[in-house]
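As C-alpha cells, the structure follows; a few thoughts come after it.
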C-alpha cells in the first residue's frame, strides 16, 4: 500500500458512536469484544503499568493491517516509521480511536474491526473492498498526554516534560514560571524567565493561570490557546517588552512550572494567611497543648521589626505551649499547621493579633488595629500525649484535667476555648470497653459533666443544634438528668421547636418540681409561643387581606 494511506478516517461515516465500556483485563491470547459495535481485541503482549491514553493524546504506534483472508494492505513496520496521530479526533478510522484507547504502553493487540467502524459499504479502493472487516496488529509505542483543560476546546495542554510529585498549585499559591508566547505563525509575542505571580491573580492571559493549576513542579507544557482564553476579540497592543496580539488570535504558549510557595488560609475568615517559604519534614504537626520551639521575627506593615526571637548567637528558640494564650491567637493557630523544619510567612489581621489596643513589644510598639507579619521557623515540638499512648487511669486523669481547664476558661467567658477542652476530655474516655467497672463509673461521670458543660458553651456561642446533640448524649447515659433536659429545652426554644421544648420542661419538672431555673424557662417558653403566635396571626392576616384585594 502507498505510504500516504495512514489509516484515514472513513468518508461519510456517522461520528455519533457510543464510547466503548471499559474492558475487563485480558490475558495474553484472550479475545473480547470492546463495546457493543462488533469491535474485538485479542491481547498479544501485555503492556506496562496501568495507564492508557485519552482522547486528545498524541499516540505513536506500529501496525500491520490485513483483510480476513490474510492479505496485507498496509504496514508501518515495513516502512520502518511509526505512525503518529491524535486519539479521538477522527484522524483515523473509528475502530482505531475506540481500540487504541484501551491499550497500555508497549502493549500489542490484534483488533478485528467491522466495516461500520472501518470504511463502511464503500471500502477504500483499490485496497479495501466494500463492507470489509479488517484486522490490525498494533503495538502502542508511546503517547504524549494532551489535555483539554477547560473541556471546551479552549486550552489544550501537551506535556513536554513530566513534573514531579502529585500536587498542583491552588489559587492562593505563588508560582515561579518560565514562559514564552507565540502567535500561530511563530511570531514571538512575549518571553520571560523567573516570573512570579499569585495563581488567582493570573498572568499575561487567562490561559496561563488555568493551565498552571493542572501542572506539577518541574513540568513543562505547550498550550494551544483559543482567543477566548487569550486576548479575545480586542487582541492586545504592543508594549515596550511584549508584541501585539491581533484580534481573535490563537496562541501557542510554552510554560514551565519551576516552583511554587503554598499559601493557605489558617482561619475560615481568611484573616490568618500562611505562605510556606520552606517545606517541613514528614507529616506530624503540633496538637493542642504541644510544647513548640520556634524562631520568629515579627514585623509591622512598614517593615519595622517589633519582635525577634531565637536568631542571635547563643539564643535558644522561643518556647511556648499551644492553645494556652501564651502568644497571639493568629500565631498560635498558624504554628499548629506547621511541620518540623518548616519556615513560613504568616499574615495576621488585627482580630487575631493585638486588636484595637496599642501593644508594647520587645523592640517596638504595635499600633492599634495593626495587621502584623511573622516569619516563623518551627524548630521542634513535643506533642501532648494522645489517648492511644495512655493506660486507662491516665486517660481518666487526663480527662479530669481537661474538664478543670474547661471550667476555668468558662468562668473567664472564653466559651469557644472551654468547649475545646470539654471535647478533648470526652475523647480521652470515649472508648471504655477495656475499662474496669469502677473506671467505667468514673468515665461516665466525666462524660456527663463535660457534655453538659460543653452544651452550656454551645448555648453561649448560639450553636443551638450542637447544644441539643450534647444534651441528647447525656440523656442516653442518664435519662432523668434534669440539667440535660433543661439545657436541651433552651436549645429547642431558640430553634423554635416549642413542642419538644415543652416536653423536656415538663419531664424535668416531673423529676424536680421545685427547680427554679426550669420553672423560669417554662415561663420563657410560654412567652415565646405567645409572641410566635402573634407573628403568625399577623402574617396570615396580611396574606388574607391581600387575597381579598
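Using N, Cα and C of the backbone, Cβ positions are placed for all residues, glycine too.
Summarising the annotation, TrEMBL assigns domain 'PPIase FKBP-type' to 56-144 (among others). Mean pLDDT, taken over the domain 'PPIase FKBP-type' (56-144), works out to 94 on the 0 to 100 scale.
According to TrEMBL, the feature domain 'PPIase FKBP-type' maps to 172-261 (among others).
The domain 'PPIase FKBP-type' annotation in TrEMBL covers 289-382 (among others).
For 1-20, the entry in TrEMBL reads region 'Disordered'.
Packing against the repeat 'TPR' (482-515) from elsewhere in the chain are residues 452, 455-456, 458-459, 462, 464-465, 467-468, 471-472, 474-475, 521-522, 524-525, 528-529, 532: each is 6 or more residues past its ends and has a CB under 8 Å from a CB in it. For 482-515, the entry in TrEMBL reads repeat 'TPR'.
Sorting each residue of the repeat 'TPR' (482-515) by its DSSP state yields 27 helix, 0 strand, 7 coil. Secondary structure of the domain 'PPIase FKBP-type' (172-261) per DSSP (helix as H, G, I; strand as E, B; remaining residues coil): 13 helix, 43 strand, 34 coil.
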